[in-house]
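Data first, discussion second: the structure below is written as structure tokens.
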């Protein structure tokens, strides 16, 4: 990770130092700093302060490769969304374009947000990262009020005017990325020690509990906590504690799965039922394993090159809500293993570009934000593929940029806007 101050940021910081109108403090153990001091520390405490300032005179850079893969994924997603949802949309809404139209409108809004966000100096997010974090907690708390909305038995949305809804847990993902990255910069060398790690984990666990308890969304909560751990891992000088922790969690998980498989046949808890159905799918083929098994049938029937675009039969009645978290199964049925490999290659290329931005970011804050976005995309893609292929129990995690979704699409595109904004500050020789 490398460090230098961009011309835009130096001018911005200079103007802020001249004004110094407001001293923003909080009660956390490390944030008794002014907003100006906080923004200065983002740069001054970066791990790569040895970067030569002559790099500032290098060739301006903008990651058009990342932009192109975003556009391609969104367009491909719209095609597959229409293919997977046209039949059910015609039956339920008498409009085969219902989901396609809504997704297209949301995509346009998301691209506008991405463009605007990409033009904002990303250092500015650090000044308000903590407020954004607590605001996301507040939004999740609203789910438990009369404003909350229940969809398919899950209360995870907030009602908005015009029949719209908002999923606050999606905001928490980006809020955690911005805030934990900022906190690491403020902590400096302390972030590598146990005292600093405890502070970072404290906020990560708060976000985890908020997503789990307030919105009853365990999968999103796991993603949020995992993003926190990844960011801590990036700045921590030793890998052994993390490897040991992963191995320990894996061993406990395997033992727990074996125990459940042979001791528990049914449960009133829907999460336990999902795990039981995952462990014994044939015994629950007509209930909790139905969607999962139908998805496997779709994957198996597609072969290598698939049945052809629009020719899926499993999407007609067999796979409920095929346009959501099971859309990859429809892709496999219509485009075959070849189509699935294409999708994986697109995501792999996107992750590669995010890593490039993280490695070449002007300072530690930019590198950590790009790393957090990388972790978010990688975790969500991995979980979705794991569920569709039967490697993991059903979680409800969608496939980024392709599955149907409102808040999720806008937040993902906003994250891409931040990444593109960071890339615009890179200077190459």
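Placement of Cβ uses the backbone N, Cα and C atoms for every residue, glycine included.
Annotation comment: TrEMBL describes 1-20 as compositional bias 'Basic and acidic residues'. For 1-39, the entry in TrEMBL reads region 'Disordered'. What TrEMBL records for 23-36 is compositional bias 'Polar residues'. The annotation transmembrane segment is assigned in TrEMBL to 61-83, 103-120, 132-151, 171-188, 195-212, 218-235, 242-264, 326-352, 364-389, 401-422.
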(message) Is it the case that the transmembrane segment (195-212) and the transmembrane segment (61-83) touch, counting contact as three or more CB pairs under 8 Å in which the residues of each pair are 6 or more positions apart?
(response) no
(request) Give the one range among 171-188, 218-235, 364-389, 401-422 whose Cβ atoms make the most pairs under 8 Å with those of the transmembrane segment (103-120). (result) 401-422
(message) I'd like to know if the transmembrane segment (61-83) touches the transmembrane segment (171-188) in this structure, counting it as a touch only when three or more C-beta pairs sit under 8 Å and are separated by 6 or more positions.
(response) no
(message) Contact between the transmembrane segment (401-422) and the transmembrane segment (61-83) is defined here as three or more C-beta pairs under 8 Å separated by at least 6 residues; is that satisfied?
(response) yes
(request) Look over the recorded stretches 132-151, 218-235, 326-352, 401-422 and say which has the most C-beta pairs under 8 A to the transmembrane segment (364-389). (result) 218-235
(message) How about long-range neighbours of the transmembrane segment (326-352): same chain, 6 or more residues beyond its ends, C-beta under 8 Å?
(response) 65-66, 69-70, 72-73, 76, 80-81, 83-84, 291, 294-296, 298-299, 301-315, 319, 374, 377-378, 381, 384-385, 388, 398-400, 402-404
